[in-house]
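Novice: When I checked TrEMBL for this same protein, it listed these features:
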- Asp9, His11, Asp50, His190: Mn(2+) 1 binding site (BINDING)
- Asp50, Asn85, His157: Mn(2+) 2 binding site (BINDING)
- 392-422: compositional bias 'Acidic residues' (COMPBIAS)
- 423-441: compositional bias 'Basic and acidic residues' (COMPBIAS)
- 442-455: compositional bias 'Acidic residues' (COMPBIAS)
- 3-190: domain 'Calcineurin-like phosphoesterase' (DOMAIN)
- 367-463: region 'Disordered' (REGION)
Amino acid sequence: MTRVLHTGDTHIGYQQYHSPERRADFLAAFETVIDDAIEMDVDAVVHAGDLFHDRRPDLPDLMGTLSALRELNAAGVPFLAVVGNHESTRGGQWLDLFERLGFATRLGNDPIAIGSTAFYGLDHVPKSRRDDLDYDFTRPSDSDLDIEPAHHVLVGHGLFTPFAHANWETETVLAESTIDFDAVLLGDNHAPGIERVDDVWVTYCGSTERASASETDERGYNIVQFDADDPAPAGVDIRRKSLPTREFVFVTVDLEPGEGAERVRERVGQHDLADAVVIVEITGDGGAVTPGEIESVALDTGALIARVTDRREIETETELSVSFADPDAAVDERIEELGLSAAALDIDDAVRSPDIADTNLRETVKSRLTDQIENDPAALAPPERDNSDSSEATDESDSDADDAAASDAVADAEGDVDDAVDRDDAPDAVDRDDAPDAVDRDEGDNAESDTDDGELSTMEDFL
């Protein structure tokens, strides 16, 4: 008998609504999962990806995660995991670091035995790269395992069929795999669910905290039990366990004609809002309501956070005209204004070129820059300025800017491609239903990703 705790999408480090308290909530939820695993004495914790919300987690989040994993390790409970889309980098993964420290095992093509069950891993892979996957997993008989597993389990991260928002065919994975899996334990979809594909159980554990206002159900994880004496599907038992998380209060107000802000305030006041995240949705035909006013009422009543969404279309007499600039032209214009050297322009062209594979980008940039240094050093010089009023000090400053731009382009090429892959793959299909949260998430990610390149490099150097 093998019993594991299946969790995922912990998104440690997510400062939802720009709130430090919410950031702490995500780490606290993960710590609760670890405490539960130790108390229940499970055979392993299986994490299905997105341990962190960002590929560059801050130090407090890293230290908190390490502390929890250290406690789990001290209790003799293995931590098995795959890499999700949020935390994935082009170089070393944080999970690799935790494995080096002895606190985790990164699942992959080779089987990892827990009791009589063999576990395999499938990291998140962008949709554009999945055609190259061969799902070639090592058979236990060809591995270092000294047992013949009773069950085989695949742990993966992605949006798989037959669940909502799917873009990855479970049937294809199972049909093309070299292993006959008995269960597939998944992460990425924040809504928990269990389905059967032929005789294979496929399940999402769901997220451990609400990463968007659309996630109204209780958060939790799965307890999965594999009976060595009973083949699948009967020999696999999946049960849900809920987690205590911060209260979310959802208030929907359907305004009748003649009703307005007073009615919304009345409905909000009917709830206990102490330390809660309050989500107010306004529908109906009533009068205009100022969201800020309602949010202030909720905060004054004790809410930690308040967000108001008015779903109605309010008619106005003002006609708005909006025009959009050509983004490529705008980028080219800005690059021209920067006055970059020929070398810097060449690097920029390589970074943005769709004809250079992501895996070849670093070497391509390095090769081009090395060639220019050796054979065409003039390419490193900034172009001559037409402005005769420019001072010598300004010219020196421009030259320094060119050198910095070239250096930054080389250093950031890896991160730029990571960001492009994330955008193309649209990993958060589940979360996009809630527009206000999508805006919050994007703003937070952009703010963090622009400042932490040093942390990423330090981790990769360590590995």
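Quick reminder: no glycine exception, Cβ is built from N, Cα and C everywhere.
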Novice: By Cβ count within 10 Å, point out the most packed of the binding-site residues listed: His11, His157, His190.
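Specialist: Ranked by Cβ atoms within 10 Å, first place goes to His157.
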Novice: Which chain neighbours of the Mn(2+) 1 site, leaving out Asp9, His11, Asp50, His190, have a Cβ atom within 8 Å of the mean position of the site's Cβ atoms?
Specialist: Gly8, Thr10, Gly49, His53, Gly84, His86, Gly187, Asp188, Ser207, Thr208, Ala211
Novice: Within 10 Å of Asn85 (Mn(2+) 2 binding site), Cα to Cα, which of the binding-site residues His11, Asp50, His190 are there?
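Specialist: Passing the 10 Å Cα cut: Asp50.
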Novice: Once the DSSP letters are reduced so that anything not helix or strand counts as coil, what is His157 (Mn(2+) 2 binding site)?
Specialist: strand
Novice: Quick one: what's DSSP say for Asp9 (Mn(2+) 1 binding site), helix, strand or coil?
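Specialist: DSSP assigns Asp9 (Mn(2+) 1 binding site) to coil.
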Novice: Using Cα-Cα distances with a 10 Å cut-off, which of the binding-site residues His11, Asp50, His190 are near His157 (Mn(2+) 2 binding site)?
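Specialist: The binding-site residues close to His157 (Mn(2+) 2 binding site) (Cα within 10 Å), listed in sequence order, are Asp50.
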Novice: Measure the Cβ-based neighbour count of Asp9 (Mn(2+) 1 binding site), defined as the other Cβ atoms within 10 Å of its Cβ.
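Specialist: Asp9 (Mn(2+) 1 binding site) is surrounded by 28 other Cβ atoms within 10 Å.
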Novice: Find the average pLDDT over the domain 'Calcineurin-like phosphoesterase' (3-190) in the predicted model and report it.
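Specialist: Mean per-residue confidence for the domain 'Calcineurin-like phosphoesterase' (3-190): 96 out of 100.
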